[in-house]
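What TrEMBL records for this protein:
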- 6-213: domain 'Porphobilinogen deaminase N-terminal' (DOMAIN)
- 229-293: domain 'Porphobilinogen deaminase C-terminal' (DOMAIN)
- Cys242: S-(dipyrrolylmethanemethyl)cysteine (MOD_RES)
Amino acid sequence: MTHETLRIATRKSALALWQAEHVAARLRAAHPGLAVELVPLTTRGDQILDRPLATIGGKGLFLKELEVALLEGRADLAVHSLKDVPAELDPGFALGAVLARADPADAFVSNAWATLAELPQGARVGTSSLRRQAQLRALRPDLVLLDLRGNVNTRLAKLDAGDYDAIVLACAGLERLGLAARIRARLDAPHWLPAPGQGAIACEIRAGDGRVQELLAPLEDADTRRATAAERAMNEALGGSCTVPVAAWAVLGERGLALYGLVGDAARGRLLRAHAEGEAPAALGRAVAMQLFAQGAAEFLEAP
Ligand SMILES: NCc1[nH]cc(CCC(=O)O)c1CC(=O)O
């Protein structure tokens, strides 16, 4: 066992590599002497850049190739942004660890304007996320929403080239890449809600792989696991994927977990909101989903 190497499957974007390196460093620190190396792979979601994400469809667009590497024994774990991980994993896989969450908020990024409210009438805002589009529409029906794909640096380069007046990105991704200075304003919960799982890093393993599960144990953050489990349970109950505008944020307080959920419609900017408190994450997620269904969420969840 002394010569064993733990191999981490990762996507090749700067953010994915940062996250995989972070997990590798945490593993080496927790297990001195353990050899850890990255196995960088390209996914379908990375290859298809000419179409809006929502039109490609398919859950786990960024996972499949990494899961194949796990099954074929070319890797022992796969590191993902939890928000890219479908609510329901394929059989044979499990989340071996969920790490402590970074800032879950979305960020307003612009070179000319300090806040969303300051944007002039008809300003062009880039985001390909239906969740972000729906919330932008609700706040500012006048904005022109334009598709924006690619990794974080590509998106910033398109903003800098003048293709957009502003864009919306995750604070966590910007912070991890040393780009926190690009955040002009945080879009704060519960008014503005992020994607389920946003800001958390997840380690996916082969279900039942006790050896890797044990090595990952010191990286696990129980509070983040509970909060994101509630968000993901809500998303799952709504049949959510990256193709529907669902947002969720759970926070652990004195009275247990509080979960805020939102379903929107990107075309018209209508938003349905619900929130509840509870102890059991899965039940809480389902309860908020049921409240949203009771308000008519089903109509919002049909394929675009
Ligand atoms: N959609 C891609 C993606 N997946 C995770 C993050 C940010 C990091 C995180 O949420 O942990 C991003 C970039 C973004 O939305 O700006």
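Even glycines carry a Cβ here, placed using N, Cα and C.
Unlike curated records, TrEMBL annotations are generated automatically.
Looking just at the domain 'Porphobilinogen deaminase C-terminal' (229-293), the mean pLDDT is 93.
Counting residues of the domain 'Porphobilinogen deaminase C-terminal' (229-293) by DSSP class, helix then strand then coil, yields 22 helix, 25 strand, 18 coil.
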